[in-house]
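> Submitted below is the structure of interest, expressed as structure tokens.
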Amino acid sequence: MNILVINAGSSSLKFQLYDMTDESVLAKGKVERIGMESAILSYEPAGKPEVREVREILEHTTAIRKVLDILVHKEFGVLKSASEIQAVGHRVVHGGESFSSSVLIGDEVKREIRRLFDLAPLHNPAHMLGIQAVEANMPDIPQAVVFDTAFHQTMPPFAYLYPIPMVLYKKHKIRRYGFHGTSHAYVSERAAAFLGKPLKELKLVTCHIGNGASCAAVMEGRSVDTSMGLTPLEGLMMGTRSGDIDPAIVPFAMSKEDLTLAEVNSMLNKHSGLLAISGLSSDMREITEAREAGDRNAALAFDMYEYRLRKFIGSYAAAMNGIDAIVFTAGVGENSAALRAAVCRNLSFLGVKLDDAANEARSSEERAITTPDSPVASLVIPTNEELVIARDTHQLILNRDHVV
Ligand code: ADP
């Protein structure tokens, strides 16, 4: 079965085409600057040269049509016809309290995703555009949605509620949801396989640290806490997001700096984090280089980022009454040996014994960066959210066909 995985943003659309007989990627790519005359389609077919086209793509329906066109292109294509795609799986950021697993799309699911627009105004409307664009181009194809929040629906109420008046939860569903769930679930499973132990017997802290960053406490394979909350702003310090701050800063800064709600929202989401403290960049590569070259603000940004991450790991060890392993994933987690070293060295009290050579080794493989006798293992596990979406979609189709 061939499955097309789509991650639709407001002006971009990423795609990967999987052959589920061996889970190989037949092609992948993205369309950027949707809505502009000079939109960019980048396309990487397996075993063939990459293609990059600049052309007018004004909306998502056209973007999907261009993707289908190139997938069946005489020269660059990997399929003879679009009918060789049997299903489409979409990433959807917010599933609220309604979805604790992936589902096939029907009218009720679409209504619910729309009802959740309020909770994820930057993401869910864009995902809906992607879903509708597929419907317009492939009216009969089954589509599934895989939610970033679903894995964290196992959090207990004492972890997901905020200590604020209950009316806000009851009326408006203001609570902690968590994100990056697909990634936390995937790396947890891989960590258990790597350690050769059943997931049911493990207490893990998974750290998904990319541009956005979150960590999760995963006990017996279930998320029991995670650092992001109602929105992806809560928790860890990130590239441009503040993470946790005193909420009283919001009205205080608004009055002192004469900011509107939109301005303070933008400040905390787009102009904070590594970027604000370093005054240089939101990119951990540049921060690390500048720090090594003696830039004090970059060093401060790095230290704050590491300190806040380490405190979360420590708090999750308390939340689960111990940990068996820490898992690093996503852009920073997979690539920044400096950050991993700083975190692990300062967690020796928990039983983390860093293996410097293993940590420094350049590899894209799953690996341990602690010594074999380390009581708590630290692992680097490359994430693969697209594969999870393809697998969930595949399983939903197989189950549906089984029921029919
Ligand atoms: P996103 O959250 O957008 O999916 P990624 O998971 O791809 O992001 O992570 C992107 C981030 O990873 C970059 O901003 C960069 O800071 C970081 N990164 C990538 N490579 C390295 C590296 N070699 N060293 C340190 N940081 C890196």
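Using the three backbone atoms N, Cα and C, a Cβ is placed for every residue, glycine included.
Because the structure is a prediction, the values reported are computed rather than measured.
Annotation source TrEMBL lists Mg(2+) binding site at Asn7, Glu385. If you look up TrEMBL, you'll see Lys14, His208, Ile209, Gly210, Asn211, Gly212, Asp283, Met284, Arg285, Gly331, Val332, Gly333, Glu334, Asn335 marked as ATP binding site. Marked as substrate binding site by TrEMBL: Arg91. Annotation comment: TrEMBL describes Asp148 as active site, proton donor/acceptor. The site 'Transition state stabilizer' annotation in TrEMBL covers His180, Arg241.
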> Going along the chain, which residues six or more apart from Ile209 (ATP binding site) have their CB under 8 A from its CB?
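Ile209 (ATP binding site) has long-range Cβ partners Cys215, Leu236, Leu309, Phe328, Thr329, Ala330, Gly331, Val332, Gly333, Leu339.
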> Quick one: of the binding-site residues Lys14, Asn211, Asp283, Arg285, Val332, flag those whose CB is under 6 Å from ligand 1, and say none if nothing qualifies.
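Within range of ligand 1: Asn211, Asp283, Arg285, Val332.
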> Going by Cα-Cα distance, pick out whichever of the recorded positions Asn7, Asp148, His180, Glu385 is nearest to Lys14 (ATP binding site).
Asn7
> Tell me, by DSSP, whether Ile209 (ATP binding site) is helix, strand or coil?
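It is in a strand.
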> Which one is it: of the recorded positions Asn7, His180, Arg241, Glu385, whose Cα lies the shortest distance from the Cα of Asp283 (ATP binding site)?
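Nearest by Cα distance to Asp283 (ATP binding site): Arg241.
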> What's the longest C-alpha separation between any two of Lys14, His208, Ile209, Gly210, Asn211, Gly212, Asp283, Met284, Arg285, Gly331, Val332, Gly333, Glu334, Asn335, the listed ATP-binding residues, in angstrom?
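Those residues reach a largest Cα separation of 24 Å.
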> Which of the three DSSP states, helix, strand or coil, fits Lys14 (ATP binding site)?
strand
> Relative to the Cβ of Asn211 (ATP binding site), which residues of the same chain, six or more apart in sequence, are found under 8 Å away?
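The answer is Met238, Gly239, Thr240, Ser282, Gly331.
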> In angstrom units, rounded to an integer, how far apart are the Cα atoms of Glu334 (ATP binding site) and His180 (site 'Transition state stabilizer')?
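Distance (Cα to Cα, whole Å): 15 Å.
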> Please classify the secondary structure at Asp283 (ATP binding site) using three-state DSSP.
coil
> Please report the three-state DSSP label of Asn7 (Mg(2+) binding site).
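Assignment for Asn7 (Mg(2+) binding site) reads strand.
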> Please name the residue among the recorded positions Lys14, His180, Arg285 whose C-beta has the most neighbouring C-beta atoms within 10 angstroms.
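Of the recorded positions Lys14, His180, Arg285, the highest Cβ count within 10 Å belongs to His180.
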